[in-house]
Ligand SMILES: NC(=O)C1=CN([C@@H]2O[C@H](COP(=O)(O)OP(=O)(O)OC[C@H]3O[C@@H](n4cnc5c(N)ncnc54)[C@H](O)[C@@H]3O)[C@@H](O)[C@H]2O)C=CC1
Ligand SMILES: N[C@@H](CC=O)C(=O)O
(Lines of atoms letter the chains of each structure in order from A and count residues from 1; the text may use other names and numbers.)
(Lines give C-alpha, C1' and ligand atoms only; values in the text may rest on other atoms or scores of the structure.)
(Ligands and ions follow the chains in the order given, each with its own letter.)
Protein backbone atom coordinates (compact mmCIF):
# COMPACT_ATOMS: atom_id res chain seq x y z
CA UNK A 1 0.00 0.00 0.00
CA UNK A 2 1.48 3.43 -0.85
CA UNK A 3 1.74 6.17 1.77
CA UNK A 4 -1.26 8.12 0.47
CA UNK A 5 -3.55 5.09 0.54
CA UNK A 6 -2.25 4.08 3.94
CA UNK A 7 -3.04 7.60 5.18
CA UNK A 8 -6.58 7.47 3.76
CA UNK A 9 -7.21 4.10 5.27
CA UNK A 10 -6.23 5.32 8.71
CA UNK A 11 -8.87 8.09 8.61
CA UNK A 12 -12.18 7.30 10.32
CA UNK A 13 -14.63 6.14 7.65
CA UNK A 14 -17.00 9.05 8.34
CA UNK A 15 -14.24 11.52 7.38
CA UNK A 16 -13.26 9.69 4.20
CA UNK A 17 -16.65 9.31 2.60
CA UNK A 18 -18.03 11.49 -0.17
CA UNK A 19 -21.50 9.97 -0.19
CA UNK A 20 -24.04 9.66 2.60
CA UNK A 21 -26.63 7.12 1.59
CA UNK A 22 -30.10 6.00 2.63
CA UNK A 23 -31.24 2.66 1.20
CA UNK A 24 -34.96 2.00 0.69
CA UNK A 25 -35.61 -1.69 0.12
CA UNK A 26 -33.49 -4.52 1.44
CA UNK A 27 -34.87 -7.33 -0.72
CA UNK A 28 -33.01 -9.12 -3.53
CA UNK A 29 -31.48 -5.97 -5.05
CA UNK A 30 -31.11 -4.02 -1.78
CA UNK A 31 -29.49 -7.07 -0.15
CA UNK A 32 -26.95 -7.30 -2.99
CA UNK A 33 -26.29 -3.56 -2.64
CA UNK A 34 -25.55 -4.02 1.08
CA UNK A 35 -23.03 -6.74 0.19
CA UNK A 36 -21.35 -4.34 -2.27
CA UNK A 37 -20.95 -1.78 0.50
CA UNK A 38 -18.72 -4.31 2.24
CA UNK A 39 -16.30 -4.29 -0.73
CA UNK A 40 -13.56 -1.71 -1.49
CA UNK A 41 -15.82 -0.21 -4.21
CA UNK A 42 -18.32 0.77 -1.53
CA UNK A 43 -15.79 2.31 0.85
CA UNK A 44 -16.62 5.91 -0.08
CA UNK A 45 -20.26 5.44 0.89
CA UNK A 46 -21.63 5.92 4.39
CA UNK A 47 -24.94 4.18 4.97
CA UNK A 48 -26.75 6.43 7.44
CA UNK A 49 -30.20 4.86 7.05
CA UNK A 50 -31.89 1.78 5.65
CA UNK A 51 -35.48 0.60 5.47
CA UNK A 52 -37.75 -2.13 4.27
CA UNK A 53 -41.51 -1.70 4.01
CA UNK A 54 -42.04 -2.06 7.77
CA UNK A 55 -38.84 -1.18 9.61
CA UNK A 56 -35.94 1.20 9.40
CA UNK A 57 -32.73 2.04 11.19
CA UNK A 58 -30.56 5.14 11.18
CA UNK A 59 -27.06 5.74 12.50
CA UNK A 60 -25.13 8.97 11.83
CA UNK A 61 -21.87 7.06 12.28
CA UNK A 62 -22.84 4.62 9.55
CA UNK A 63 -24.75 1.36 9.79
CA UNK A 64 -22.86 -1.91 9.77
CA UNK A 65 -23.98 -3.60 6.56
CA UNK A 66 -23.45 -7.15 7.74
CA UNK A 67 -26.78 -8.81 8.63
CA UNK A 68 -28.62 -5.45 8.45
CA UNK A 69 -31.11 -6.98 6.02
CA UNK A 70 -31.88 -9.83 8.42
CA UNK A 71 -32.12 -7.46 11.41
CA UNK A 72 -34.57 -5.17 9.62
CA UNK A 73 -36.69 -8.16 8.66
CA UNK A 74 -37.55 -8.72 12.32
CA UNK A 75 -37.03 -5.40 14.12
CA UNK A 76 -36.30 -1.68 13.85
CA UNK A 77 -38.00 1.68 14.18
CA UNK A 78 -41.32 2.19 12.41
CA UNK A 79 -41.08 3.50 8.83
CA UNK A 80 -40.72 7.27 8.76
CA UNK A 81 -39.10 9.04 5.80
CA UNK A 82 -38.51 12.19 7.86
CA UNK A 83 -36.07 10.39 10.18
CA UNK A 84 -34.16 8.97 7.20
CA UNK A 85 -33.88 12.41 5.57
CA UNK A 86 -32.77 13.89 8.90
CA UNK A 87 -29.96 11.33 9.01
CA UNK A 88 -28.83 12.55 5.58
CA UNK A 89 -29.16 16.21 6.61
CA UNK A 90 -26.98 15.62 9.66
CA UNK A 91 -24.16 14.18 7.58
CA UNK A 92 -21.24 16.26 6.27
CA UNK A 93 -20.79 14.18 3.09
CA UNK A 94 -20.53 16.00 -0.25
CA UNK A 95 -23.39 14.00 -1.81
CA UNK A 96 -26.59 12.98 -0.04
CA UNK A 97 -28.21 10.10 -1.87
CA UNK A 98 -31.50 8.25 -1.55
CA UNK A 99 -31.36 4.81 -3.18
CA UNK A 100 -34.73 3.30 -4.05
CA UNK A 101 -34.40 -0.48 -4.36
CA UNK A 102 -38.10 -1.09 -3.84
CA UNK A 103 -40.92 -1.58 -6.32
CA UNK A 104 -43.18 0.81 -4.40
CA UNK A 105 -45.18 3.30 -6.50
CA UNK A 106 -45.77 5.33 -3.33
CA UNK A 107 -42.03 5.80 -2.81
CA UNK A 108 -41.44 6.47 -6.52
CA UNK A 109 -43.98 9.31 -6.43
CA UNK A 110 -41.76 11.01 -3.83
CA UNK A 111 -38.67 11.12 -6.08
CA UNK A 112 -39.44 14.60 -7.53
CA UNK A 113 -39.89 16.10 -4.06
CA UNK A 114 -36.62 14.56 -2.84
CA UNK A 115 -34.78 15.89 -5.89
CA UNK A 116 -36.33 19.33 -5.36
CA UNK A 117 -34.97 19.29 -1.79
CA UNK A 118 -31.48 18.62 -3.15
CA UNK A 119 -31.09 14.88 -2.47
CA UNK A 120 -29.73 12.83 -5.34
CA UNK A 121 -31.98 9.86 -6.14
CA UNK A 122 -30.62 6.60 -7.52
CA UNK A 123 -33.27 4.05 -8.40
CA UNK A 124 -34.02 0.54 -9.58
CA UNK A 125 -37.70 1.38 -9.15
CA UNK A 126 -39.36 2.13 -12.51
CA UNK A 127 -42.76 3.16 -11.17
CA UNK A 128 -42.23 6.90 -11.66
CA UNK A 129 -40.33 7.19 -14.96
CA UNK A 130 -42.30 4.28 -16.43
CA UNK A 131 -45.64 5.35 -14.93
CA UNK A 132 -48.05 8.03 -16.07
CA UNK A 133 -46.82 10.89 -18.20
CA UNK A 134 -47.57 13.44 -15.48
CA UNK A 135 -45.05 11.67 -13.19
CA UNK A 136 -42.47 11.67 -15.97
CA UNK A 137 -42.91 15.43 -16.49
CA UNK A 138 -42.68 16.07 -12.73
CA UNK A 139 -39.43 14.09 -12.74
CA UNK A 140 -37.98 16.06 -15.67
CA UNK A 141 -38.86 19.34 -13.92
CA UNK A 142 -37.19 18.18 -10.70
CA UNK A 143 -34.10 17.04 -12.64
CA UNK A 144 -33.59 20.59 -13.92
CA UNK A 145 -32.19 21.50 -10.49
CA UNK A 146 -28.85 20.57 -8.98
CA UNK A 147 -29.75 17.05 -7.80
CA UNK A 148 -29.11 14.11 -10.12
CA UNK A 149 -31.33 11.13 -10.96
CA UNK A 150 -29.52 7.82 -11.44
CA UNK A 151 -31.72 5.45 -13.43
CA UNK A 152 -29.26 3.02 -15.07
CA UNK A 153 -30.77 0.11 -13.11
CA UNK A 154 -34.29 0.71 -14.41
CA UNK A 155 -33.68 -0.62 -17.94
CA UNK A 156 -31.37 -3.53 -18.78
CA UNK A 157 -30.26 -3.77 -15.12
CA UNK A 158 -27.42 -1.36 -15.87
CA UNK A 159 -26.64 -2.17 -19.53
CA UNK A 160 -25.56 1.11 -21.16
CA UNK A 161 -28.79 1.70 -23.04
CA UNK A 162 -30.27 4.82 -21.41
CA UNK A 163 -26.85 6.49 -21.41
CA UNK A 164 -26.46 5.63 -25.12
CA UNK A 165 -29.88 7.05 -25.98
CA UNK A 166 -29.03 10.27 -24.12
CA UNK A 167 -25.71 10.63 -25.96
CA UNK A 168 -27.37 10.09 -29.33
CA UNK A 169 -30.17 12.53 -28.47
CA UNK A 170 -27.63 15.16 -27.34
CA UNK A 171 -25.85 14.79 -30.68
CA UNK A 172 -29.07 15.42 -32.60
CA UNK A 173 -29.60 11.79 -33.56
CA UNK A 174 -33.20 10.59 -33.41
CA UNK A 175 -34.61 7.18 -32.60
CA UNK A 176 -36.48 5.68 -35.54
CA UNK A 177 -37.31 2.30 -34.06
CA UNK A 178 -36.37 0.00 -31.23
CA UNK A 179 -36.88 -3.72 -31.06
CA UNK A 180 -35.71 -6.02 -28.37
CA UNK A 181 -36.04 -8.25 -25.37
CA UNK A 182 -36.43 -5.98 -22.37
CA UNK A 183 -37.15 -8.49 -19.62
CA UNK A 184 -34.37 -10.52 -18.02
CA UNK A 185 -36.77 -12.91 -16.34
CA UNK A 186 -38.88 -13.53 -19.46
CA UNK A 187 -35.71 -13.90 -21.52
CA UNK A 188 -34.39 -16.52 -19.08
CA UNK A 189 -37.76 -18.29 -18.96
CA UNK A 190 -38.27 -18.52 -22.73
CA UNK A 191 -34.59 -19.26 -23.44
CA UNK A 192 -34.96 -22.23 -21.07
CA UNK A 193 -38.48 -23.40 -21.76
CA UNK A 194 -38.42 -26.42 -24.06
CA UNK A 195 -41.55 -28.17 -22.80
CA UNK A 196 -39.68 -30.74 -20.69
CA UNK A 197 -40.01 -28.84 -17.39
CA UNK A 198 -43.29 -27.16 -16.45
CA UNK A 199 -43.23 -23.40 -16.97
CA UNK A 200 -44.37 -22.96 -13.34
CA UNK A 201 -41.25 -24.76 -12.06
CA UNK A 202 -39.02 -22.49 -14.15
CA UNK A 203 -40.88 -19.44 -12.85
CA UNK A 204 -40.27 -20.50 -9.23
CA UNK A 205 -36.57 -20.84 -10.04
CA UNK A 206 -36.51 -17.41 -11.74
CA UNK A 207 -37.95 -15.79 -8.59
CA UNK A 208 -35.48 -17.62 -6.34
CA UNK A 209 -32.64 -16.32 -8.52
CA UNK A 210 -33.97 -12.76 -8.10
CA UNK A 211 -34.84 -12.22 -11.78
CA UNK A 212 -38.58 -11.56 -11.48
CA UNK A 213 -40.42 -8.66 -9.90
CA UNK A 214 -41.56 -9.15 -6.29
CA UNK A 215 -44.88 -10.29 -7.83
CA UNK A 216 -44.00 -12.16 -11.04
CA UNK A 217 -47.34 -11.12 -12.57
CA UNK A 218 -45.71 -7.74 -13.17
CA UNK A 219 -43.37 -9.56 -15.59
CA UNK A 220 -45.86 -12.02 -17.09
CA UNK A 221 -48.51 -9.35 -17.65
CA UNK A 222 -46.02 -7.41 -19.78
CA UNK A 223 -46.42 -4.39 -17.48
CA UNK A 224 -42.78 -4.35 -16.32
CA UNK A 225 -41.61 -4.45 -19.94
CA UNK A 226 -44.14 -1.74 -20.85
CA UNK A 227 -42.64 0.45 -18.10
CA UNK A 228 -39.15 -0.07 -19.53
CA UNK A 229 -40.36 0.67 -23.04
CA UNK A 230 -41.97 3.90 -21.79
CA UNK A 231 -38.71 4.91 -20.08
CA UNK A 232 -36.74 4.21 -23.27
CA UNK A 233 -39.23 6.00 -25.51
CA UNK A 234 -39.50 9.03 -23.22
CA UNK A 235 -35.72 9.23 -22.89
CA UNK A 236 -35.56 9.25 -26.70
CA UNK A 237 -38.03 12.13 -26.83
CA UNK A 238 -41.41 10.41 -27.41
CA UNK A 239 -44.09 11.57 -24.96
CA UNK A 240 -45.54 8.07 -24.86
CA UNK A 241 -48.40 7.05 -22.56
CA UNK A 242 -49.13 3.54 -21.29
CA UNK A 243 -52.40 3.61 -23.25
CA UNK A 244 -50.39 3.85 -26.47
CA UNK A 245 -48.59 0.57 -25.77
CA UNK A 246 -50.30 -2.65 -26.83
CA UNK A 247 -49.47 -5.19 -24.15
CA UNK A 248 -50.12 -8.93 -24.18
CA UNK A 249 -50.95 -10.33 -20.75
CA UNK A 250 -49.67 -13.89 -20.23
CA UNK A 251 -51.38 -14.24 -16.84
CA UNK A 252 -54.48 -16.46 -17.16
CA UNK A 253 -57.73 -14.83 -15.94
CA UNK A 254 -57.94 -17.28 -13.03
CA UNK A 255 -54.65 -15.96 -11.56
CA UNK A 256 -55.22 -12.25 -12.02
CA UNK A 257 -57.29 -11.37 -8.95
CA UNK A 258 -55.40 -13.55 -6.44
CA UNK A 259 -53.24 -12.06 -3.71
CA UNK A 260 -49.48 -12.59 -4.10
CA UNK A 261 -49.41 -15.65 -1.85
CA UNK A 262 -52.34 -17.35 -3.60
CA UNK A 263 -50.80 -16.56 -6.97
CA UNK A 264 -47.50 -18.18 -5.94
CA UNK A 265 -49.40 -21.27 -4.78
CA UNK A 266 -51.28 -21.65 -8.08
CA UNK A 267 -48.58 -21.14 -10.70
CA UNK A 268 -49.48 -24.45 -12.38
CA UNK A 269 -52.37 -22.63 -14.10
CA UNK A 270 -49.71 -21.12 -16.38
CA UNK A 271 -48.50 -24.49 -17.64
CA UNK A 272 -51.14 -25.69 -20.13
CA UNK A 273 -51.56 -22.44 -22.13
CA UNK A 274 -47.81 -21.92 -22.45
CA UNK A 275 -47.20 -25.58 -23.34
CA UNK A 276 -49.72 -25.15 -26.19
CA UNK A 277 -47.98 -21.95 -27.39
CA UNK A 278 -44.63 -23.71 -27.28
CA UNK A 279 -45.88 -26.78 -29.18
CA UNK A 280 -47.45 -24.61 -31.90
CA UNK A 281 -44.25 -22.60 -32.32
CA UNK A 282 -42.11 -25.75 -32.46
CA UNK A 283 -44.39 -27.27 -35.11
CA UNK A 284 -43.71 -24.20 -37.28
CA UNK A 285 -39.93 -24.41 -36.70
CA UNK A 286 -40.02 -21.23 -34.57
CA UNK A 287 -39.20 -20.32 -30.96
CA UNK A 288 -41.08 -18.13 -28.46
CA UNK A 289 -39.49 -14.85 -27.41
CA UNK A 290 -40.87 -11.93 -25.43
CA UNK A 291 -40.37 -8.86 -27.63
CA UNK A 292 -40.97 -5.14 -27.29
CA UNK A 293 -41.12 -2.78 -30.25
CA UNK A 294 -41.61 0.86 -30.97
CA UNK A 295 -41.61 2.53 -34.37
CA UNK A 296 -40.94 6.10 -35.46
CA UNK A 297 -44.62 7.02 -35.06
CA UNK A 298 -44.56 5.91 -31.43
CA UNK A 299 -46.57 2.73 -32.12
CA UNK A 300 -45.52 0.30 -29.42
CA UNK A 301 -46.16 -3.37 -28.67
CA UNK A 302 -45.09 -5.83 -26.00
CA UNK A 303 -45.79 -9.55 -26.09
CA UNK A 304 -44.83 -13.14 -26.77
CA UNK A 305 -43.91 -13.71 -30.39
CA UNK A 306 -42.87 -16.68 -32.52
CA UNK A 307 -39.53 -15.92 -34.15
CA UNK A 308 -37.51 -17.93 -36.66
CA UNK A 309 -34.34 -19.65 -35.49
CA UNK A 310 -32.37 -17.04 -37.47
CA UNK A 311 -33.82 -14.07 -35.50
CA UNK A 312 -31.24 -12.40 -33.20
CA UNK A 313 -33.53 -12.97 -30.19
CA UNK A 314 -33.48 -16.71 -30.86
CA UNK A 315 -29.78 -16.77 -29.94
CA UNK A 316 -30.03 -15.12 -26.55
CA UNK A 317 -28.75 -16.93 -23.45
CA UNK A 318 -29.54 -16.68 -19.76
CA UNK A 319 -31.15 -13.38 -18.78
CA UNK A 320 -29.89 -11.59 -21.90
CA UNK A 321 -31.63 -8.39 -22.92
CA UNK A 322 -31.34 -7.17 -26.50
CA UNK A 323 -31.84 -3.60 -27.72
CA UNK A 324 -31.65 -2.98 -31.49
CA UNK A 325 -31.81 0.79 -32.03
CA UNK A 326 -32.34 2.31 -35.47
CA UNK A 327 -31.66 6.02 -35.55
CA UNK A 328 -31.17 8.61 -38.27
CA UNK A 329 -27.42 7.85 -38.13
CA UNK A 330 -27.67 4.11 -37.38
CA UNK A 331 -30.19 3.50 -40.11
CA UNK A 332 -28.80 0.77 -42.37
CA UNK A 333 -27.72 -1.44 -39.50
CA UNK A 334 -29.06 -1.03 -35.96
CA UNK A 335 -26.90 -0.17 -32.98
CA UNK A 336 -27.20 -3.30 -30.82
CA UNK A 337 -26.75 -3.57 -27.08
CA UNK A 338 -26.96 -7.03 -25.55
CA UNK A 339 -26.16 -8.64 -22.22
CA UNK A 340 -27.62 -9.91 -18.96
CA UNK A 341 -30.65 -7.82 -18.04
CA UNK A 342 -31.71 -9.05 -14.60
CA UNK A 343 -30.21 -10.28 -11.36
CA UNK A 344 -29.55 -8.74 -7.96
CA UNK A 345 -25.77 -8.41 -8.32
CA UNK A 346 -25.68 -6.57 -11.64
CA UNK A 347 -28.62 -4.39 -10.62
CA UNK A 348 -26.95 -3.47 -7.33
CA UNK A 349 -23.79 -2.67 -9.29
CA UNK A 350 -25.79 -0.36 -11.54
CA UNK A 351 -27.01 1.47 -8.42
CA UNK A 352 -23.50 1.75 -7.03
CA UNK A 353 -22.22 2.95 -10.41
CA UNK A 354 -24.79 5.75 -10.45
CA UNK A 355 -23.81 6.79 -6.91
CA UNK A 356 -20.09 6.80 -7.74
CA UNK A 357 -20.77 8.81 -10.92
CA UNK A 358 -21.94 11.75 -8.79
CA UNK A 359 -19.17 14.34 -8.91
N1 LIG B 1 -34.32 -8.17 -9.66
C2 LIG B 1 -33.79 -7.61 -10.74
O3 LIG B 1 -33.07 -8.23 -11.53
C4 LIG B 1 -34.04 -6.16 -11.00
C5 LIG B 1 -34.90 -5.45 -10.21
N6 LIG B 1 -35.13 -4.14 -10.47
C7 LIG B 1 -36.03 -3.42 -9.60
O8 LIG B 1 -35.52 -3.44 -8.28
C9 LIG B 1 -36.59 -3.25 -7.37
C10 LIG B 1 -36.47 -4.28 -6.24
O11 LIG B 1 -36.55 -5.58 -6.75
P12 LIG B 1 -36.28 -6.83 -5.78
O13 LIG B 1 -35.13 -6.54 -4.89
O14 LIG B 1 -36.23 -8.02 -6.66
O15 LIG B 1 -37.63 -6.85 -4.91
P16 LIG B 1 -37.84 -7.46 -3.44
O17 LIG B 1 -39.29 -7.73 -3.29
O18 LIG B 1 -36.87 -8.57 -3.20
O19 LIG B 1 -37.44 -6.25 -2.49
C20 LIG B 1 -38.21 -5.08 -2.40
C21 LIG B 1 -37.86 -4.40 -1.10
O22 LIG B 1 -38.53 -3.14 -1.05
C23 LIG B 1 -39.04 -2.97 0.26
N24 LIG B 1 -40.09 -1.97 0.28
C25 LIG B 1 -41.35 -2.01 -0.23
N26 LIG B 1 -42.01 -0.87 0.07
C27 LIG B 1 -41.14 -0.09 0.78
C28 LIG B 1 -41.23 1.19 1.40
N29 LIG B 1 -42.35 1.91 1.33
N30 LIG B 1 -40.15 1.66 2.05
C31 LIG B 1 -39.00 0.95 2.12
N32 LIG B 1 -38.86 -0.27 1.56
C33 LIG B 1 -39.92 -0.79 0.91
C34 LIG B 1 -39.51 -4.39 0.64
O35 LIG B 1 -39.74 -4.51 2.02
C36 LIG B 1 -38.31 -5.18 0.15
O37 LIG B 1 -37.27 -5.13 1.11
C38 LIG B 1 -37.89 -3.38 -8.20
O39 LIG B 1 -38.37 -2.08 -8.48
C40 LIG B 1 -37.41 -4.03 -9.49
O41 LIG B 1 -38.18 -3.69 -10.61
C42 LIG B 1 -34.53 -3.47 -11.50
C43 LIG B 1 -33.67 -4.12 -12.32
C44 LIG B 1 -33.38 -5.54 -12.17
N1 LIG C 1 -38.20 -8.28 -13.44
C2 LIG C 1 -37.30 -7.54 -14.25
C3 LIG C 1 -36.09 -7.22 -13.44
C4 LIG C 1 -35.44 -6.02 -13.94
O5 LIG C 1 -36.01 -4.96 -14.14
C6 LIG C 1 -36.89 -8.34 -15.46
O7 LIG C 1 -37.24 -9.51 -15.51
O8 LIG C 1 -36.24 -7.81 -16.36
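Placement of Cβ uses the backbone N, Cα and C atoms for every residue, glycine included.
Predicted automatically and left uncurated, TrEMBL annotations should be read as such.
Keep in mind it's a predicted model, so treat the numbers as computed, not measured.
Checking the ranges 20-37, 38-55 against TrEMBL, the transmembrane segment annotation falls on 20-37. Spatially, by CA atoms, the recorded positions 126, 213, 228 include one closest to residue 28 (NADP(+) binding site), and that is 213.
For residue 126 (NADPH binding site), the same-chain residues 6+ apart in sequence whose C-beta sits under 8 angstroms from its C-beta are 108, 154, 155, 224, 227, 228, 231.
For ligand 2, the binding-site residues lying close by, meaning a CB under 6 A from one of its atoms, are 213; the full candidate list was 28, 126, 213. Within the chain, the transmembrane segment (20-37) has long-range Cβ neighbours (under 8 A, six or more residues past its boundaries) at 45-52, 65, 68-69, 72-73, 84-85, 87-88, 91, 93, 95-104, 107, 124-125, 153, 210, 214, 344-345, 347-349, 351-352, 355.
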